[in-house]
Amino acid sequence: MLPRMLKMKTVGTVLAVIWLFGLAFIYVQSTSSSLRPPGRHPPPLPQLDPLIPQNPPQNDEIRPKKSAPPIPTINLAEDTTIHERTEKDVTWKTFDVEKFLNKGKWHQGEDKYKANSFNQEASDALNPTRKIPDSREPQCRDVDYSKVGMQPTTVIITYHNEARSSLLRTVFSVFNQSPEELLLEIVLVDDNSQDVEIGKELAQIQRITVLRNNQREGLIRSRVKGAQVARAPVLTFLDSHIECNQKWLEPLLARIAENPKAVVAPIIDVINVDNFNYVGASADLRGGFDWTLVFRWEFMNEQLRKERHAHPTAPIRSPTMAGGLFAISKEWFNELGTYDLDMEVWGGENLEMSFRVWQCGGSLEIMPCSRVGHVFRKKHPYTFPGGSGNVFQKNTRRAAEVWMDEYKAIYLKNVPSARFVNFGDITDRLAIRDRLQCKSFKWYLENVYPQLEIPRKTPGKSFQMKIGNLCLDSMARKESEAPGLFGCHGTGGNQEWVFDQLTKTFKNAISQLCLDFSSNTENKTVTMVKCENLRPDTMVVEKNGWLTQGGKCLTVNQGSGGDWLIYGAHCELNNGAQRWIFEKLDTYE
């Protein structure tokens, strides 16, 4: 029995030793990366292209690379027709122009502006290869692009019920003004135009591919379709009523060759909507926006103008782009998430892409030596499914939700009806922002657009005061007049009230007048007065639903004539006429 016990003890000892050696081995392996012998160094980091904006780790913390969400794409087989080329030897120079134009000419007695919101008679009278004035600055004519390793481009043009004459002039100007080796192809996307034959006829021209949407898709999804079939490494998006000027393409492609994360646009000259005269635009303009998220052109300030005039051929940093005409590396376009496919038709996508490019490590630039003329129409000749106002609010609301952080409250204050827009699911767009480790909107305002005036922060908390289904409303009344009650609409405005804890005042956000019901007279009607004339003793007691002033509570009762009376009365815990619901509104705080 004893030998057997000794034998078992020996085996146990051996197993224990093996176990201890195993633990030691695991520990050494796990710590070896941080215990390198002297003289041994980690492999060098790859060199970063100094021209490409980088996202350095913050606070010495290396963030892991996020997995990429799928590139937003559209199933072309389901809802798109690609027109066949049945004639093999047609070039843009041998295309039967007269036959093509005669099928859509304006006729005497017809409204010249109805179909296109520009003078079609004037457009039809022009030669499709007319000469336009060289609007470039003199220094641009001396720039040599021959030593820059430029990649070719696919030009993508979407159109919907475009006049044949303006569309053909657009296509011919691209061919005529672009070096053949840099223009791989033109992709036309017909967004379900009434005249299907336009696309079929243009598809016969070599180096043109024509897609037709089987239903109306809008510019955004049409452009993504065009990008999906594009074969060139650079995408150039153009509108369907433009004319390219001399050497318009080289500055765009050269800049992308230097900086693949630059999104570049030409200076957009003006083609007069009435007579089609070509007018050169100022090079001192750049893109901006206001807090309703409407794009606007703005003149550079004096400092920026001095810098531009000192380097007249250099790229112009622009906070936003108009969106109709720009070039981008296809790889960068896909990495950025193409377009937001849940936006509708047109509008707001240019600001969304502008924010995305800047905040995610790219740059947005206007190339002063690239000029393209554009017909700026005063109104849209086509309808927007769902209405143009609703479409624009949905699109801009999506942009604000994804990119503007706390500053979206400024947008919502300026466009209060946007609060009620169903903007859909933005999960995929937020995932793109997270994956690319994009910067904040605060960074964008400070580093890209410091010239934009930011509204002063609201001092205090903003409320909508509800009692039942009615809200306290200033009714746009003046000083010494009484506010009223009105159906709650949730859009702020006359129903937005601001409680300032510091000054102990309760004022209307629009009129800036304060509520006054502190009179010693019981049941005295509340009035609105200048805040500086009011004793600071207003308090919000949310748990009771009270708004108090001078020991009285704001009270509501309905008079004999059905009118609502609002006054100060002795506070009573069980008085429902004094129990307000303070609904906090989004504000920039």
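Note: Cβ is positioned from N, Cα and C throughout, glycine not excepted.
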Inset, instruction - Report the candidate from His83, His374, His489 that shares the Mn(2+) site with Asp239, His241, as recorded in Swiss-Prot. - result: His374
Inset, instruction - Write down the residue from Asn176, Asn523 that Swiss-Prot flags as N-linked glycosylation site. - result: Asn523
Inset, instruction - State the disulphide partner of Cys438 as given in Swiss-Prot, choosing from Cys360, Cys514, Cys531, Cys553. - result: Cys360
Inset, instruction - Could you check what DSSP calls Cys571 (disulfide bond) once collapsed to helix, strand or coil? - result: coil
Legend entry - Residue distribution over DSSP helix, strand and coil in the region 'Catalytic subdomain A' (150-255): 38 helix, 30 strand, 38 coil
Legend entry - Rounded distance in angstrom between the Cα atoms of Cys140 (disulfide bond) and His374 (Mn(2+) binding site): 20
Legend entry - Separation of alpha carbons, Asp239 (Mn(2+) binding site) and Trp346 (substrate binding site) (Å): 12
Legend entry - Any further residue of that chain within 8 Å (Cβ to the Cβ centroid of Asp239, His241, His374) of the recorded Mn(2+) site: Ser166, Thr170, Leu238, Ser240, Ile242, Ile271, Gly324, Leu325, Gly373, Val375, Phe376
